[in-house]
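Pulled from TrEMBL:
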ACT_SITE  LYS166  active site, proton acceptor
BINDING   TRP15, ARG35, ARG36, LYS83, SER115, ARG230, GLU256  NADPH binding site
BINDING   LYS83, GLY111, LYS166, ASP219, SER229, ARG230, ASN231  sn-glycerol 3-phosphate binding site
DOMAIN    331-459  domain 'PIN'
Amino acid sequence: MQEAKVAAILGAGAWGTTLAQLLRSNGLEVRQWSRRSETSLAATLAEADLWIMAVSMAGLASVADQVAALQLGDRAIWVSATKGLADLGWRTPSQVLSDRFPLQPITVLSGPNLSKEISQGLPAATVIASRDRHAAAVVQQAFASDRFRVYTNRDPLGTELGGALKNVIAIAVGVCDGLCLGANARSALVTRALAEILRVGAYFGARTETFFGLSGLGDLLATCTSPLSRNYQVGFRLAQGESLAAALTAIAATAEGVSTARVLAQLASREGLELPIAACVAELLDNRISPTTAIERLMARDLKAELVRENQNVASNTLPLAIAEPLAMKKTYVLDTNVLLHDPMALFRFEDNDLVIPITVIEEIDRFKKDLNERGRNARQISRLLDGFRSKGHLIEGITLDHGGKLRVVMLEKTFLEQLPSGLIANANDNAILAVALALQQQNGQPTILVTKDTNLRIKADATGLCAEDYESDKIDFSELYSGTAEVYLAPDQLQVFRREGGLDLSGEFFPNQALTLVDETNLSHTLLGRYRASDRRVVPLIQPPKMGISRIHARNREQQFALDLLLDDNIQLVTLVGKAGTGKTLLAVAAGLHKVADERHFSRLLVSRPIFPMGRDLGFLPGDLQEKLAPWMQPIIDNLDFILGGANNNGDRPSNKQQNYQDLMGMNLLQIEPLTYIRGRSIPRQFMIVDEAQNLTPHEIKTILTRAGEGTKIVLTGDAYQIDNPYVDASSNGLTYVVEKFKNEAIAGHITLERGERSPLAELSANLL
Ligand SMILES: NC(=O)C1=CN([C@@H]2O[C@H](COP(=O)(O)OP(=O)(O)OC[C@H]3O[C@@H](n4cnc5c(N)ncnc54)[C@H](O)[C@@H]3O)[C@@H](O)[C@H]2O)C=CC1
Ligand SMILES: O=C(CO)COP(=O)(O)O
């Protein structure tokens with residue numbers, strides 16, 4: 001891990017100065033700039049490892065523009081320490097930065113951090129949030145000390161929203177305290193404010209959990225309970241009868257809540273979000289209501305329930321009980337054919353909401369019921385389920401599902417089609433489904449949502465004013481996918497113990513078989529590699545491949561070493577390798593499989609398979625026998641086998657005497673290469689099975705394969721979640737992603753995400769850019 005040595009801080013107010021103090025005491029060279037300083041912006045930023053933005057929101061975009069104009073390259077890591085929300089486009093500070101510096105790593109620093117306490121040396125904790133784990137770790141190291149505890153987080157958006165929104169609430173609480181309304185009122189205000197913050201977070205797509213962390217609840221508590229908060233002081237002074245201008249002059253510093261309240265009021269009125277506290281604060285700041293009226297208005301709101309389940313289609317069982325306004329009404333979800341064909345159990349995943357299946361969907365499902373593939377099986381399962389429901393009543397009238405929602409089949413009426421915009425052809429099935437959903441929306445008192453995996457139908461729905469959603473109940477947040485690796489910082493003597501004793505007890509929280517890089521905390525370039533053994537909570541060394549390599553293949557980077565370790569361990573029955581093209585995932589899997597089958601004879605056969613989805617345009621009719629027809633799809637596997645068996649070394653050089661070829665191995669029954677379709681339905685004992693391109697499978701299809709594993713079989717799933725040819729899955733909903741998440745707690749499974757391309761600089765750049 002790179003270590004930050006020089007930091008440039010933009011902004012010389014209370015926060016910028018405190019951050020400079022923290023970094024200097026950690027031994028970093030710190031340069032500070034403000035709009036009034038003599039040193040130039042360019043000189044401040046040049047060669048610095050960290051660029052820290054600590055100016056007020058009002059100045060952030062213009063300072064960022066000045067930096068961008070300097071064109072200083074994209075090496076430095078940005079740290080955004082500003083807490084606010086831009087009035088144009090409701091952008092957060094880090095989003096304003098990433099608009100201008102798309103190639104630079106961007107991190108957010110936010111938490112309960114009243115600068116005065118920190119500058120006095122009192123203990124505090126904060127969060128460094130970033131999608132870029134490496135950048136977050138560098139910034140974490142730079143700031144962390146025995147009085148400033150730094151946590152990382154992967155939700156910069158939620159982290160920033162928590163920091164920006166609590167400023168508005170601090171003004172409200174300042175008013176409440178200024179009016180001497182007591183502790184009960186203050187607690188009620190802060191708690192209901194959290195509901196408001198959650199609502200804004202949900203609107204922007206931030207993670208709910210983040211708002212219960214340091215940058216959310218933590219900062220809310222700090223700012224709403226300390227008179228050191230400038231925002232709180234503004235509210236307090238307003239309650240005393242001071243004007244806003246007088247209050248701001250008195251505090252002589254930035255109170256971001258003033259502009260953020262106005263931005264939120266705008267957001268609430270334009271987007272229909274219910275943000276009563278922010279709206280009252282905005283009116284109060286603009287002198288449109290008095291402090292007393294603001295409080296009265298909040299108290300006089302409609303009576304309602306406190307806790308509600310978020311009624312959402314999206315993995316709702318994983319959402320905590322959210323403190324949110326009741327969504328009062330049930331929703332009607334109209335299901336498209338592809339949703340049911342993708343997951344017949346979708347019928348049970350919409351909680352107590354009502355479900356509608358247009359008759360066109362039933363007709364479409366009927367067409368697939370004879371298919372001998374996954375889709376056919378799902379079609380038959382839906383028919384069986386619906387047939388079973390008939391015992392509960394007439395489907396046309398609606399039957400009540402176990403969760404309390406109603407399910408009904410709706411006929412297509414002529415009048416429905418007549419309501420479609422004239423540009424849409426009335427006899428297309430998609431449009432018939434759209435017509436039913438639109439008609440229900442008009443008839444229904446409750447919100448109506450079309451659920452479809454067809455992007456174009458969602459666009460059409462949008463264009464006709466109908467709300468549409470993807471079906472997401474089996475989606476995993478791909479950006480949050482478990483990587484299988486972690487870094488652990490240890491004292492030098494612990495590393496010595498690990499080396500000497502072949503293992504070390506570890507106290508942290510790790511997943512079984514997680515690959516660990518043990519870093520010497522006194523010398524970050526000194527590292528050792530190991531794997532976490534959950535049974536006795538120890539990190540143990542990786543399996544050492546023979547000097548000759550595995551089928552003459554050598555790991556070229558750390559992730560490949562981790563992958564080989566999992567592939568070579570016979571106790572691990574399921575290995576998942578995710579990585580873009582050129583990271584070596586298939587090559588390593590095939591090399592390990594050949595080694596295990598041909599050299600160690602641990603498995604009776606290497607079975608390599610991939611689902612058949614044409615890349616790009618379908619090749620159409622192909623001449624030849626079955627093997628010849630399938631050759632284009634299986635060729636990438638054959639290329640890997642040729643590479644290994646041809647004896648090529650990692651540099652592509654081949655020795656003159658050619659080794660066995662893959663046909664010899666097939667002749668000896670040690671190797672089988674088959675499309676996945678032929679493998680279903682079999683039991684697969686004592687085989688080393690590789691399913692390549694597993695990202696093209698649905699979760700259900702992968703389940704079918706894994707449940708076929710016989711005694712002594714090892715299954716390796718490889719794939720690239722960004723290269724999906726199956727139109728009904730995406731990076732988050734495909735079977736490979738699903739398996740990685742579902743198996744991460746299991747001792748018989750291991751996963752590695754390979755990031756580094758090893759094919760060629762061109763292949764690496766193309767995989768990243770295109
Ligand atoms: N003071 C604190 O305890 C903390 C503050 N923050 C955030 O850090 C940011 C800065 O806060 P403070 O340093 O406390 O405020 P401050 O009022 O003490 O300093 C503001 C800084 O921003 C600069 N600035 C303001 N308007 C500008 C413009 N139009 N163009 C260029 N520069 C401009 C000022 O020159 C000054 O350097 C705010 O977003 C605040 O919410 C975050 C955590 C803690
Ligand atoms: O963000 C802060 C504490 O975390 C500082 O709050 P004030 O800007 O209200 O002083």
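Think of each number as a place in line: the chain as shown, counted from 1.
Including glycine, each Cβ sits where the backbone N, Cα and C put it.
Note that TrEMBL annotation is computational and uncurated.
Because the structure is a prediction, the values reported are computed rather than measured.
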Helix-strand-coil residue split for the domain 'PIN' (331-459), DSSP-based: 65 helix, 20 strand, 44 coil
Query: Which ones are near ASN231 (sn-glycerol 3-phosphate binding site): of the recorded positions ARG35, ARG36, SER115, LYS166, which have a Cα within 10 Å?
result: LYS166
Spatial neighbour of SER115 (NADPH binding site) that is closest, considering only the recorded positions LYS166, ASP219, SER229 and their CA atoms: SER229
- prompt: So which of the recorded positions SER115, LYS166, ASP219, SER229, ASN231 sit close to ligand 1, that is, with a CB under 6 Å from an atom of it?
  reply: SER115
Message: Out of the recorded positions I have (TRP15, ARG36, SER115, LYS166), which ones have their Cβ sitting under 6 Å from ligand 2?
response: none
Message: In whole Å, how far does the CA atom of ARG35 (NADPH binding site) lie from that of SER229 (sn-glycerol 3-phosphate binding site)?
response: 24
Message: By the count of other Cβ atoms within 10 Å, pick out the sparsest of the recorded positions ARG35, ARG36, LYS83, LYS166.
response: ARG36
Query: Going along the chain, which residues six or more apart from GLY111 (sn-glycerol 3-phosphate binding site) have their CB under 8 A from its CB?
result: ALA124, ALA125, THR126, VAL127, GLY163, LEU214, SER215, GLY218, ASP219
Message: Taking 10 A as the limit, how many CB atoms besides its own sit near the CB of ARG230 (NADPH binding site)?
response: 26
Where ASP219 (sn-glycerol 3-phosphate binding site) sits in the secondary structure, as DSSP reduces it to three classes: helix
Fewest-neighbour residue among binding-site residues, criterion Cβ within 10 Å, set SER115, SER229, ASN231: SER115
- line: Model confidence for the domain 'PIN' (331-459), as mean pLDDT, reads 87
